Amino acid sequence: STMRKRKTTASPHSSTDLSEGKEKLRLKREVGLISGVSLIAGTMIGSGIFMSPEWVLHHMGSPASSLLIWAACGLLAMFGALSYAELGTIIKESGGDYIYILRIFGPFPAFLFAYTSVILVRPAGLAAVCLSFAEYAVAPFYPGCSAPQVVVKCTAAACILLLTIINCLNVRLATSIMNIFTAAKLLALLVIVVGGLVLLAKGQTQSFQNAFQNTTAGIGTVGVAFYQGLWSYDGWNNLNYVTEELKKPEVTLPRAVMIAIPLVTCLYLLVNVSYLAAMTPSELLSSGAVAVTWGDKVLGSWAWFISLSVALSTFGSSNGTFFSGGRVCYIAAREGHMPDILSMAHVRCLTPSPALLFTSLMSLIMIIPGSFTSIVNFFSFIAWLFYGMTISGLLYLKIKKPELPRSYKVPIIIPIIVLIAAVYLVLAPIIDQPQIEILYIVLFIFSGIILYFPLVHFKCHPRFLQRVTVHLQLFLEVAPTTRDAN
């Protein structure tokens, strides 16, 4: 398909404007405050809180230090999200990191981000969440033994296909599902929290005696523990990917962040306390699935409720990841950094269906060789590399362009802290425990140079690709879109 730079069409309208003189097609503004909070909280609360606690404890060595990591991860996610909220009120376009890097640093680094994100990061993240959904969904059918990998992977693939259908049909349907599943997973976490408080009231506090004993404090170990904790908070910046679909983004974006992230952080800390009240650190470390072990110990015959809740939670999270991930692909295509067909929207459903189908296809490919734990560390490495670049862009705008209109300002110390954390998270594991896989990731990112110069910079497009685009456009019933330039 062809790649081209699309001109910005300014318009005050927020919904579809099909005027008699000239037809304009754009995504609807259907995401309000409640849906915004659900998108952030619903994507953050996925598989992480049910699978990462044992890994954070494994790397940190003691209950108290692992709780400190969880609190620090929540604080870092909050600082990052507040910084992104300011960026979202300066650059009122969808696309998150991609659009901010493009507008601040220019097309080349933005293309490298889009290329890495669309082909590797987003599909890998979605594949990891869907694999963990499948593990919990099929577990009841294989009591006492682990499910065959082929069954798990087929279930994960079915999950991705179902999400594709939902998200391609209707934005409102996708956000409604997000709201319902967010409520369900919050209920599940509240059950775990209340259960833990009851255990503490009964005097089960043995895990919290000498709580800092056996703490490990290596630079690399703390970095990897942060990776596992931050995986559970991933999604804190998801609302920035759908800015053009937010109602009153300048108000909704900061408010949704300030409600969702403190809520999730408090829940995560209380859930971890509950796990440690029900299990000793050694029991927690030997548990394959912490939440299920907790359910067996505390709920007895009702333990199935936890397995069901985790499956629902991970499905809801994968829906949020898919919803925002497809938008990166769509916005990058609209800016001429991806094939043109991916920048189009369905003429009736008003969803970026080609971008969603492409994300779905890449995720299905990732499922074949993928495993949950390996994806997390490398996902986090790339994510924090680009988060650092985006935050440095905000600092540049704050120092060099303070006159730019913005409805919300974050104190400059907050993005500075996030930038220091990003540099630490990228460099610490490399310095402490260098792995060849990280070199492969860096090589993959820079392999984008081979595509950028002929296809984007010099615009060398074979003519037959234009015909392919037209045929795909007719087959998928999609049309080019305009954007809201506020």
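Placement of Cβ uses the backbone N, Cα and C atoms for every residue, glycine included.
Keep in mind that TrEMBL annotations are predicted by a computer and have not been checked by a curator.
Model, not experiment: these values are computed from the prediction.
Looking at 31-52, 119-140, the range annotated in TrEMBL as transmembrane segment turns out to be 31-52.
Between the transmembrane segment (354-372) and the transmembrane segment (64-85), fewer than three CB pairs separated by 6 or more residues in sequence fall under 8 Å, so the two stretches do not touch. At the 8 Å Cβ cutoff, the transmembrane segment (409-431) and the transmembrane segment (64-85) share at least 3 close pairs (sequence separation 6 or more) and count as touching. Looking at which of 31-52, 64-85, 97-118, 378-397 has the most CB pairs under 8 Å to the transmembrane segment (180-201), the answer is the stretch 31-52. Looking at 31-52, 64-85, 256-278, 298-317, 378-397, the range that has the most CB pairs within less than 8 A of the transmembrane segment (97-118) turns out to be 378-397.
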